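Peer 1: So that we are looking at the same thing, I have put the structure below in structure tokens.
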Amino acid sequence: MSDRDGLFAGDDPFAIARAWLAEAEKTEPNDPNAIALATVDAQGLPNVRMVLLKEIEDDAFLFYTNYESVKAGEIALTNKAAFVLHWKSLRRQIRVRGVTEKEEGEKADAYYASRALQSRLGAWASQQSRPLASRRELMAEVALVTARRGVSPQRPPFWGGFRLRPLEIEFWADGAFRLHDRFRWCRDTLDAEWKIARLYP
Ligand SMILES: Cc1cc2nc3c(=O)[nH]c(=O)nc-3n(C[C@H](O)[C@H](O)[C@H](O)COP(=O)(O)O)c2cc1C
């Protein structure tokens with residue numbers, strides 16, 4: 001027997017995530033799609049940073065970054081990652097854990113092309129996560145790629161998407177006196193059926 005309804009209605013967790021995000025787009029002052037993305041390094045030490053969730057696909061969550069960054073290196077170690085989406089105004093969170101794959105095809109090209117020219121050139125100029133001597137050096141690099149790449153740069157081969165396919169998705173909504181509602185969708189493998197459970201807060 002299930003008492004899952006209201007915010008948690010429906011069996012497709014991606015549809016629920018999309019609906020919550022659409023609501024957050026109306027209430028959050030900025031970046032409602034900001035996710036705290038967690039990876040682990042070779043020693044098992046966790047690492048976390050914000051990135052922007054750019055799409056919720058039928059069976060995956062998509063974000064973009066530099067493939068030579070620390071996060072990409074850590075993803076490459078395990079092909080696993082996790083993230084949390086938290087909306088302070090809505091008092092809700094979505095937690096996701098799963099396996100990753102690169103998106104470096106047409107979709108990445110199209111997203112790259114949709115960005116502002118300065119951002120496209122910035123992606124070329126940034127050796128993300130590596131030491132930088134000064135701001136001036138960065139601006140010199142931007143000037144260089146601007147001269148070299150022109151007004152319609154190709155997507156850099158070292159920049160693209162990651163798709164996170166979840167094994168676990170948890171929806172959390174604030175309740176009075178810390179009696180929150182939590183529902184977890186879980187599957188052992190990517191092609192297994194979801195098992196849904198309510199959790200104690
Ligand atoms: C709100 C917010 C959104 C961000 N979005 C992205 C993003 O979509 N992609 C990205 O590579 N970095 C993004 N960043 C920067 C990352 O947090 C981080 O500094 C950078 O990716 C380097 O991380 P790494 O050294 O762990 O690889 C964002 C930062 C903030 C605060």
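Each residue's number is its place along the chain shown, starting with 1.
Glycine too: its Cβ is placed from the backbone N, Cα and C atoms.
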Peer 1: May I ask you to find which of Lys26, Lys54 TrEMBL records for the substrate site already listed with Tyr111, Arg115, Ser119, Arg178, Leu179, His180?
Peer 2: Lys54
Peer 1: Should we count any of the binding-site residues Lys54, Tyr111, Arg115, Trp172, Arg178 as near ligand 1, judged by a CB under 6 A from one of its atoms, and which?
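Peer 2: Once distances to ligand 1 are taken from each Cβ, none falls under 6 Å.
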Peer 1: Please report the distance from the Cα of Leu179 (substrate binding site) to the Cα of Arg49 (FMN binding site), rounded to the nearest angstrom.
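Peer 2: Spelling it out, the Cα of Leu179 (substrate binding site) and the Cα of Arg49 (FMN binding site) are 29 Å apart.
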Peer 1: Can you give me the same-chain residues 6 or more apart in sequence from Tyr111 (substrate binding site) with a CB-CB distance under 8 Å?
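Peer 2: Listed in sequence order: Lys54, Tyr64, Gly161.
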Peer 1: Could you tell me what the rest of the chain brings near the domain 'Pyridoxine 5'-phosphate oxidase dimerisation C-terminal' (159-201), counting residues at least six beyond its ends with Cβ under 8 Å?
Peer 2: 2-4, 7-8, 11, 13, 16-17, 20, 54, 57, 59-67, 72, 75, 81, 83, 91-104, 107-108, 111-112, 123-124
